[in-house]
Amino acid sequence: MIRVLLANPRGFCAGVDRAIEIVERALAMYGAPIYVRHEVVHNRFVVEDLEKKGAVFVENLEEVPEGSMLIFSAHGVSHEVRREAAARKLQIFDATCPLVTKVHVEVAKMDKEGKEIVMIGHQGHPEVEGTMGQIAKSKGTMYLVETAEDVARLQVKNESNLAYVTQTTLSVDDAARVIEALKQRFPKIIGPKKDDICYATQNRQDAVKKLVKLCDLVVVVGSPNSSNSNRLCEVARNENVEAYMVDQAEQLQESWLTNKRCIGITAGASAPEILVQQVLERLEQIAAKQSNQGVIIEELSGVLESVTFPLPKAEPVSFNKYI
């Protein structure tokens, strides 16, 4: 028998639930098409399902007809994007995760205090672009670092006037190392009162650390562009456990299961539970084909998540203040 352990918690977080519900509610109330800037969450299954219902995903606002309804993704947007939306007279539902908005508020406060700000995050990630875009380049100074090596190379104007924030979906351990490097190099740097890495990211990484003590293979259900899903793979590999990420059950390779006795399954914060169930079905098929083995599925205990975020008002808003 092959033992399969399900990480707990796994899958959707409160911010993802909220973002998807905002799109579905807008479609129900106003009908298709509803435009969404960027994938509302980084999961192909979710995006394709919403497209079938009438959502249209765009990267550039030029693709959105003037006066149309637009939803900002859970990753947040820069002030420049908000200005462009206002100029095009777009009606906005903002699906930015409240925990990302918290970081935006921190950046605005630090900038108002005249701080130079260091952001710890991944170059090119939409959350990073949105957060970096909370201050005007002509007025404030913001730097991006990803590793301790980046910190060693960082050149700032005033070492005594620094603050830092982080992307919400980083590896907790990696972020801690970068923060320590910042504090070692810039002893007067200050950080947020509460960690920026979100509760769901922390909980899912902790659950994988529990899995790797019991399993010889970890499968992460998530899309390649999902930061938090990639970090779950990294957590397992950092513990010298074989780990793979799959966007759909068909990507699960038979060779991965060879000589494996215990397999751990988890899912990124943007991956729905239906994909986990499909992966389990695929595992059972492979196990039966390889050696007529059965599969014993167990759910591990874990942190109970009760966080919920309220939806925005049912009416879209205009960001005229950004014009």
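Quick reminder: no glycine exception, Cβ is built from N, Cα and C everywhere.
Pulled from Swiss-Prot:
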- Glu127: active site, proton donor (ACT_SITE)
- Cys13, Cys97, Cys198: [4Fe-4S] cluster binding site (BINDING)
- His42, His75, His125, Ser226, Ser227, Asn228, Ser270: isopentenyl diphosphate binding site (BINDING)
- His42, His75, His125, Thr168, Ser226, Ser227, Asn228, Ser270: (2E)-4-hydroxy-3-methylbut-2-enyl diphosphate binding site (BINDING)
- His42, His75, His125, Ser226, Ser227, Asn228, Ser270: dimethylallyl diphosphate binding site (BINDING)
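Comment: (2E)-4-hydroxy-3-methylbut-2-enyl diphosphate site residues His42, His75, His125, Thr168, Ser226, Ser227, Asn228, Ser270; largest CA to CA distance 15 Å, whole number. When the binding-site residues Thr168, Ser227, Asn228, Ser270 are compared by the number of other C-beta atoms lying within 10 angstroms of their own C-beta, Ser227 comes out lowest. In sequence order, Gly15, Val16, Arg18, Ala19, Ala74, His75, Gly76, Thr168, Cys198, Phe309 make up the list of same-chain residues 6 or more apart from Cys97 ([4Fe-4S] cluster binding site) whose Cβ falls under 8 Å from its Cβ. DSSP assigns Thr168 ((2E)-4-hydroxy-3-methylbut-2-enyl diphosphate binding site) to coil, not to a helix or a strand. Same-chain residues at least 6 positions away in sequence with a Cβ under 8 Å from that of His125 (isopentenyl diphosphate binding site) are, in sequence order, His75, Gln167, Ser227. Highlighted in sequence order, Ala14, Gly15, Val16, Ala74, Pro98, Leu99, Val100, Thr168, Thr169, Tyr199, Ala200, Thr201, Ala269 have their Cβ within 8 Å of the centre of the Cβ atoms of Cys13, Cys97, Cys198, the residues recorded for [4Fe-4S] cluster, and are not part of that set. Same-chain residues with CB within 8 A of the center of the His42, His75, His125, Ser226, Ser227, Asn228, Ser270 CB atoms, the isopentenyl diphosphate site residues themselves not counted, are Val41, Glu127, Thr169, Asn225, Ser229, Gly268, Ala269.
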